[in-house]
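Notes follow once the structure below has been shown.
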Amino acid sequence: MAVAGCPDYFMHHPNYQQDNVDRASNHRPADLIGPSFQQSSNRNSPNHQEDDVDLEALVNDMNSSFESLYSACSVQSESAPLLHNGQPQRPAPPCSGPAPLPPTSPWQKVRRSQPMHILAVRRLQEEQQQLRTSSLPAIPNPFPELCSPASSPVLSPGSLPQCQPSGKHIIKVFSEDGTRKVVEIPADMTARDLCQLLVYKSHCLNDNSWALVEHHPVLGLERCLEDHEMVAQVQASMTSEGRFLFRKNYAKYEFFTNPLNFFPEQMIAWCQETSSTIPPSQLLQNFLNSSSCPEIQGYLYVKEMGRKSWKKLYVFLRRSGLYFSTKGTSKEPRHLQLLSDLEDSNIFTVITGKKLHSAPTDYEFCIKPNKVRNEGKELRMLCAEDEQSRTCWMTAFRLFKYGILLYQNYKIPQQRKTLLSHFSTPVRSVSENSLVAMDFSGTIGRVIANPVEAQSAAMEEGHAWRKRSQRMNILGSPSPLHTSSLSTVIHRTQLWFHGRITREESHRMVMQQGQVDGLFLLRDSQSNPKAFVLTLCHHQKIKHFQILPCEDDGQVFFSLDDGSTKFTDLIQLVEFYQLNRGVLPCRLKHPCTIVAL
């Protein structure tokens, strides 16, 4: 019996002869024809039900059927030509009666177009592409002497070198005193690695407080690069006037240890609520957690684009960007307008705000897009009321943009110290490692092991040294170890002493290096030639304390508290106040230093 509704091609195929179907019980017509043909035949039956068809299984079955057909048909002769409409030359009679027997002679076979599987088509296309590539003419190499002995002086189509970016970059780094150093770095070197390299080359003390600063002198902008930023990428985005500075920055991660000093309570709030406050214990966790939504809010002076005028607006800093309210302090979405985005921007400190931009206060900062056409017109200039609020806005900007990366940068130096502590002894000063108390009163010197005896011997030696120096001064003997001359010059070798700098220069140096509690420097007094001035930062305010000389029993001492506590030189004074607060608002912690590259 013939299969109803099937094409006559399948009827003439040997695999679909009636006798083959009857003999092979395990090969049913439905399995050979495929689900699509079986479905078309089932639709003519009265018991047909509309079922969902698994498209993936249907495609797989059709592919398997086509592969079997293609393998079987490849043995037969080539297909006959088709008409323009794709039909054979002679239409086949309908399959209404017994199936006609296939022709036995190859000359009598009906030639039709054979179905070709898509995988075979792709295979043929790939072979043609390979033949086309191999048939290209060889390109003579104009520089055969540059080829290796094993290579041919003729370039094949696939042997041309690809354009790859250079792996080395030349970076110029400047110091505060104008000196510079040119270094060659790889393309993936971070700001932390470059700082470590400069510390090694300059023989500086590595206390993990050095930073690389992006400085734009024409615009009066500068910012501290994050430790994970690629230096080569930052240099590519800078203009020709921009430069890198190498300096200290103690406030880079200070907000992790003292968050309350950086985030005033009145400036922190939640985005959903207006009256709720964040507990101090969860303050940084909320900033680092991307699922939480704290915000910084407060008044800022905003400079209008393309104008010199400033407007005082109520501004909100969130993870999504910087917004201002068009209606007072309202937080409703319909009253908020976007000022700047955080992802493709960086925040800078404006060092010449009043001179260039006529800023209302000295606490100006700006948000600069990474890709700008006109830097002067696309900068978003902002101005805060005081230094604490400006620090709060800028620190929150960094936390919202980088998040957990800042905490990882903060933890890396501590992890390195932990690893080094397992393999080496604790780092001590040179005096503790190399000097011990000795007693040379006898014929043979001995080490003084008792600390009380060592302290009394040191005091006796100090008094005897002063008596000898005074006696030599009376006799008129020129001694380089004279107490008066030594006490006036010994402090000039210290990194925290900066000589005859002005009050404004000391302010600038302290502000550039972080304005953290305990940041200090010493300088010569401008009003009293014999006195000195201690410049100290406390609660982001810079204070100055005068160090006056005083005489006692013919000896010159230095004192901060009108002679109550006296020191023979400034080194002793600094060492004392590094351990004791005394009359100062806080202890001396971080020396303000400048290193020549």
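Including glycine, each Cβ sits where the backbone N, Cα and C put it.
According to TrEMBL, the features are:
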| type | residues | note |
| --- | --- | --- |
| COMPBIAS | 20-30 | compositional bias 'Basic and acidic residues' |
| COMPBIAS | 36-47 | compositional bias 'Polar residues' |
| COMPBIAS | 90-105 | compositional bias 'Pro residues' |
| DOMAIN | 167-251 | domain 'Ras-associating' |
| DOMAIN | 293-402 | domain 'PH' |
| DOMAIN | 496-592 | domain 'SH2' |
| REGION | 19-50 | region 'Disordered' |
| REGION | 81-108 | region 'Disordered' |
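Here the domain 'Ras-associating' (167-251) is broken down by DSSP into helix, strand and coil counts: 19 helix, 33 strand, 33 coil. Mean pLDDT, taken over the domain 'PH' (293-402), works out to 89 on the 0 to 100 scale. Secondary structure of the domain 'PH' (293-402), assigned with DSSP and counted as helix (H, G, I), strand (E, B) and coil, comes to 28 helix, 45 strand, 37 coil.
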